[in-house]
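S.K.: Quick one: structure below, then a few questions.
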Amino acid sequence: MVCGGFSCSKNCLCALNLLYTLVSLLLIGIAAWGIGFGLISSLRVVGVVIAVGIFLFLIALVGLIGAVKHHQVLLFFYMIILLLVFIVQFSVSCACLALNREQQGQLLEVGWNNTASARNDIQRNLNCCGFRNYNPNDTCPASCAKSNQKCSSCAPIIGEYAGEVLRFVGGIGLFFSFTEILGVWLTYRYRNQKDPRANPSAFL
C-alpha cells in the first residue's frame, strides 16, 4: 500500500502523537527532577513547564485516540488545537531567533526583577550578585558574597549564554512547529479517508 493510504496515514499520526507523548513526559520529568534535586526553586518556572507538559500530553492523547478509532470529532478538535499551537509556537520561535543583544538584555532584566527565587538560583549557581550592579546591602546567596570576596554582576555572564539558549529554543521550536503543521495535514487527510475495513455504506 502506498504511503498516502489509510493505514499509512493512521500509523504516521499515531507515531507523531507518541513522539508528543514522550516529549510531554520528558518535560514533566525534567521539572520534577530539577525541583527534587534543588536545581530549580522557582515554583512558577516548574509550574509552567509541568503545565506545558500536561497540555502537550492531553493533545497527544486526543490525537492518539482519534487516530486509532478514526473518530471524526476528536480528529477535528485535535486538528484545530494543533493549528493554534503551531501559530503560537512558530511566532515565539521566530521571535527567539530575531532578538538582538539589546532586546535580550531588556527581557533578561525584566525577568530578573520579577522572579526572586529564580534570581537567587542564578546568583548561587553562577556565583554572581546583582544584575548590572551589586549593592553590598542586598542579600546574595552566592559564595563570593558569603566569603566577602568581590562579586561580579550577573548580566555579562547570563548574556554569554542567552543568545545560545534563544537560538537553541528557537530552533527546537521551529522543528516542532513543522511537525505540528505536518500533524494538521495528516489529520485533515486521514479524516477524509475511508477505513477499508468499515461498512462500505457507512459515512467515512
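Glycine residues also receive a Cβ, built from the backbone N, Cα and C atoms like all the rest.
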S.K.: Would you say whether Swiss-Prot puts Lys10 on the same side of the membrane as Arg44?
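M.R.: Going by Swiss-Prot, Lys10 and Arg44 are on opposing faces of the membrane.
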S.K.: To what whole number does the mean pLDDT across the topological domain 'Extracellular' (41-44) round?
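M.R.: Residues in the topological domain 'Extracellular' (41-44) carry a mean pLDDT of 64 in this prediction.
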S.K.: Which whole-number value in Å describes the distance between the Cα atoms of Asn113 (N-linked glycosylation site) and Ser143 (phosphoserine)?
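M.R.: Asn113 (N-linked glycosylation site) and Ser143 (phosphoserine) have their Cα atoms 21 Å apart.
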S.K.: Residues of the same chain, at least six outside the topological domain 'Cytoplasmic' (66-72), with any C-beta under 8 angstroms of its C-beta?
M.R.: 10, 13-14, 17, 78, 187, 190-191, 195, 204
S.K.: Count up the helix, strand and coil residues in the topological domain 'Cytoplasmic' (66-72) according to DSSP, in that order.
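M.R.: Summed by class, the stretch gives 5 helix, 0 strand, 2 coil.
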